[in-house]
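S.K.: For reference, TrEMBL lists these features for the protein:
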type	residues	note
DOMAIN	90-291	domain 'ABC transmembrane type-1'
TRANSMEM	96-118	transmembrane segment
TRANSMEM	130-153	transmembrane segment
TRANSMEM	165-187	transmembrane segment
TRANSMEM	208-228	transmembrane segment
TRANSMEM	273-295	transmembrane segment
Amino acid sequence: MAGLVPTAVFVTFACFAIMQLTPGDPAVLLLQQRGIDPTQAAVAAIREELCLDKPFVERYFLWLWQVCQGDLGVSFYTRQPVATEIWQHMPATLELTAAAMFFSLAVAFSLGILSANYENKFPDYVSKIYALLAVSVPSYWLGLVFIYFFAVQLQVLPAVGRGDFLNLIMPMVTLGFSTAAIHARLLRNSLLDVLSQDFIVYAKAKGLTTWQTLLYHAVLPSLVPVVTSLGTTFGYMLGGTVIIESIFAWPGLGKMIMDAIFYRDYPIIQGYILVMAVAYTFVNIGIDLLCVYLDPRMRVESELRT
């Protein structure tokens with residue numbers, strides 16, 4: 001928690017600096033969007049209106065002071081408060097991220113448990129092949145393939161937009177496809193390690209079947225590596241929504257930030273980066289606490305430190 005403020009300041013300052021190096025003048029783009037000839041006088045007037053005529057460092061600290069007062073600024077193009085823009089687009093992104101996470105974990109648990117129970121047998125080989133394909137195929141390519149087959153050729157799923165559950169299927173699977181393989185391999189390896197422990201041998205000696213031992217005694221201690229990776233997965237999915245939402249025209253934060261980058265809408269970009277940095281930090285704090293709950297050894301170590 002103590003590192004939240006330095007992390008947010010560093011990330012936002014780095015992004016603010018990078019934006020200054022990207023080609024394109026927001027004032028010129030804004031005038032072109034309004035259908036106004038970007039003359040030197042018109043550009044200068046817009047730059048003064050948007051405070052783009054001030055030095056880089058001064059603009060950053062002005063923005064930081066606004067943030068400390070709870071104001072994320074106003075979008076260059078929509079003239080709506082950045083907080084309002086983010087709040088309007090956030091439900092769609094949370095819906096997609098939650099659905100993709102559910103899909104990823106459902107596939108991971110199924111494949112991971114089967115692979116551990118049937119080590120070096122057919123289910124394990126299927127899991128290995130899936131993992132190899134999942135980490136090799138780019139998500140944007142997979143999304144385009146899904147659109148071609150299921151929307152264009154078979155016409156069983158809608159290609160774009162946010163509506164009912166059918167609209168969610170392709171973006172959800174595309175976003176969760178690779179992370180499911182990673183979690184499955186982590187769970188499989190962790191289960192194999194736990195299954196070699198003495199308490200598992202004792203459970204089998206009590207007369208429990210292999211599946212009873214696996215599900216009731218081995219799965220919970222094996223979750224720590226998977227839960228630990230969820231923080232990275234959350235960050236990956238938040239970043240992945242930028243591409244996935246653009247491909248499927250999903251009206252979430254990813255599509256919002258892509259439009260903002262295209263138009264050099266600095267307040268939207270900065271607000272998005274700040275919210276994502278804070279969310280990522282809090283999610284990882286929550287995951288650390290969950291790991292302490294799941295692993296008794298970590299609880300004992302934490303109690304000994306205090």
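Cβ atoms here come from the backbone N, Cα and C positions, even for glycine.
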S.K.: Tell me if the transmembrane segment (208-228) touches the transmembrane segment (96-118). I count contact as 3 or more CB pairs below 8 A, with pairs 6 or more residues apart.
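M.R.: Contact criterion met.
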S.K.: Mind checking which residues reach the transmembrane segment (208-228)? Cβ under 8 Å, same chain, six or more beyond either end.
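M.R.: Those are 108, 112-113, 116-117, 183, 186-187, 189-191, 193-195, 199-200, 287, 290-291, 294-295, in sequence order.
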